[in-house]
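Peer 1: What Swiss-Prot lists as Mn(2+) binding site is His10, His58, Asp143, and the listing cites similarity to another entry. Residues or ranges marked as 3'-nitrotyrosine in Swiss-Prot: Tyr18. For Lys28, Lys35, Lys74, Lys82, Lys90, the entry in Swiss-Prot reads N6-acetyllysine. As annotated by Swiss-Prot, N6-succinyllysine applies to Lys28, Lys35, Lys82, Lys90, with the evidence given as similarity to another entry.
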Amino acid sequence: HINAQIMQLHHSEHHAAYVNNLNVVEEKYQEALKKGDVTAQVALQPALKFNGGGHINHSIFWTNLSPNGGGEPKGELLEAIKRDFGSFEKFKEKLTAVSVGVQGSGWGWLGFNKEQGRLQIAACSNQDPLQGTTGLVPLLGIDV
C-alpha cells in the first residue's frame, strides 16, 4: 500500500515538473533546430533525456497502479513469469534485488525482450527510460 500523500507528491510535483520542464526544453530544442544551432541541440540532450524519461517512466508507473492491486498476476503474464523466472516468488526476489541495488535515483523494471520472446528484469539510473536504454518493452516499473 502506498499512501495518498506520497502519490499526490509524485503526481502533482514530480511528474508535473518533468512534463513542464520537458515542454520548456522541447521549445528550446525547436528554436535551436530552426537556427541550425547544433551546439545548443547537443547541450539540450541531457535535459530532454531526464525530463522526457521522467515523463515516460511516471506515465507507465500510473498505469501499473490499482486500488485493489497486489498479489499474483493471472493468465499469460503469470505463465511467462513462471517460465522465465521459475516462480512468482523468485521473480519478486529478483526484481526486489535489482531495484534495491539501484544507487541513488532510478527504476527497477520488468520488461519484455521482443528479440528473445521473454521477460527480463532490468534497472535504469535516474530517469533513463527502459525501452530507450535497453530496448526492453516496459511492463512494470518501480520508482526507486
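Note that Cβ sites are derived from N, Cα and C of the backbone, with glycine treated the same way.
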Peer 1: To the nearest whole angstrom, state the Cα distance for the pair His10 (Mn(2+) binding site) and Tyr18 (3'-nitrotyrosine).
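Peer 2: Distance (Cα to Cα, whole Å): 11 Å.
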Peer 1: May I ask which of the recorded positions Tyr18, His58, Asp143 is closest to Lys35 (N6-acetyllysine) if we compare their C-alpha atoms?
Peer 2: Tyr18
Peer 1: Measuring Cα to Cα, how many Å separate Lys28 (N6-acetyllysine) from Tyr18 (3'-nitrotyrosine)?
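Peer 2: On Cα coordinates alone, these residues lie 15 Å apart.
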Peer 1: Using the alpha carbons only, what distance in Å do you get between His58 (Mn(2+) binding site) and Tyr18 (3'-nitrotyrosine) once rounded?
Peer 2: 9
Peer 1: Between the recorded positions Lys28, His58, where is the Cβ count within 10 Å the lowest?
Peer 2: Lys28
Peer 1: Would you list, in sequence order, the residues of this chain other than His10, His58, Asp143 that have their CB within 8 A of the centroid of the site's CB atoms, where the site is the one recorded for Mn(2+)?
Peer 2: His11, His14, His15, Asn57, Phe61, Trp62
Peer 1: Which ones in the same chain are close to Lys74 (N6-acetyllysine), with CB under 8 Å and 6+ residues apart in sequence?
Peer 2: none
